[in-house]
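Report on one structure; see the data block that follows.
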């Protein structure tokens, strides 16, 4: 067009800038920007917004900000584009700075800020943003609702999630479609109320493969293996073809239920009936399934027969099973494989050290910890959270920051006394250091999930369910202790750890003591 001396107008320039932004073609975009200035179109509103998008997508924030600052009318639309540019690159503070300067914010602007905070892991700030949106009397749309539900899911903020659910239905008329329904199912499942997730699923008039996958996955995480498999079979009867994700979900359900024969039948049907080639996640499910029921040699042979290299998740699951079933010989073989492959995942290092420490091999355990230190790998600190009165309370190991710390530790002492009278003995072998038993007992007693549970006991009504979210796997000793606490206090305690959900009730756990 230029070669033929046809002068482009603002619509042509806008279209070409959009193409440059989509392809991250920064050099060509700058050339088009120069053409726009020569043609006197540099201050055109549509063009300046496309320029901001182009520079933002390419990470050229100085250019994007110069264009933004030169705009005569920096309205909410232009500000939202600038906010998205920053958030896409994780520049949260810069995005908030622009957001705060917008006088009249619309739903799209509020939603962009909330969504960006969620995507950048700022869940608490995302919820604060939603509350501020309510105070500003701005009506949310379904995208806003899904963003907030996602934040609730990751924080385990069940009460707030319930409030959002009721809020969307009362007067705002947000429809229970695939998009919102899936977010609700995920929120309830990840916040520990799988029964409510099932109710939402049952209420949905139309379901697609994504909502089915979320429901199957949720049921599997909560140990409802039979219900998960029935839901999978129901999906197929409805004529909805399963995806690769569907098979990960249902194979996880088979694993949690110890259903080996059914698991292998479903695994083989992937390729045979649906033409889906198994990926590393599916192989990992089969290793976990065999390991869970104690068929460790078969699991080991299965790993060795794979045409693709096993990943850390698969080997870690197998190593964990070796520890639980007491097969240290196979465990050490896998441990050597992991070490030789140069493991960089902190949780796998901790698991290796745990295997050695549990068998009294302190030198080997110390070597693993030394490797972590040499590699600059930090153990992720344990953190547990509990929602009370719509507020999230977080606890670290031995935390003394909470305003009610005296009451929390007093309750912890009371529980420890009652538990000892019940015959509880701390499983000091799970502490990974060669120290005195009394020091190990103290280290166990101040684990973050215990502090969160104690806060729940002093802050909620008797007989109500206590729900705790932990970022790491629950240790053996805490697992044993929480079973007893549930029995003594007559409370149901639901703990979500890195692996799955544990429903503690009447002295037992839904995981069957394998997780």
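Heads up, the Cβ atoms here are built off N, Cα and C, so glycines get one too.
Copied from TrEMBL, the annotated features are:
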REPEAT    44-78  repeat 'PPR'
REPEAT    106-140  repeat 'PPR'
REPEAT    177-207  repeat 'PPR'
REPEAT    208-242  repeat 'PPR'
REPEAT    345-379  repeat 'PPR'
DOMAIN    423-515  domain 'DYW'
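Below 8 angstroms of C-beta separation, residues 76-77, 79-80, 83-84, 86-88, 90, 92, 95-96, 99, 147-148, 150-152, 154-155, 157, 160, 172, 174, 392 of the same chain, each at least six residues beyond the ends of the repeat 'PPR' (106-140), sit close to that stretch. Along the repeat 'PPR' (44-78), the predicted structure has mean pLDDT 92.
Each residue in the repeat 'PPR' (44-78) gets a DSSP state, and the totals come to 26 helix, 0 strand, 9 coil.
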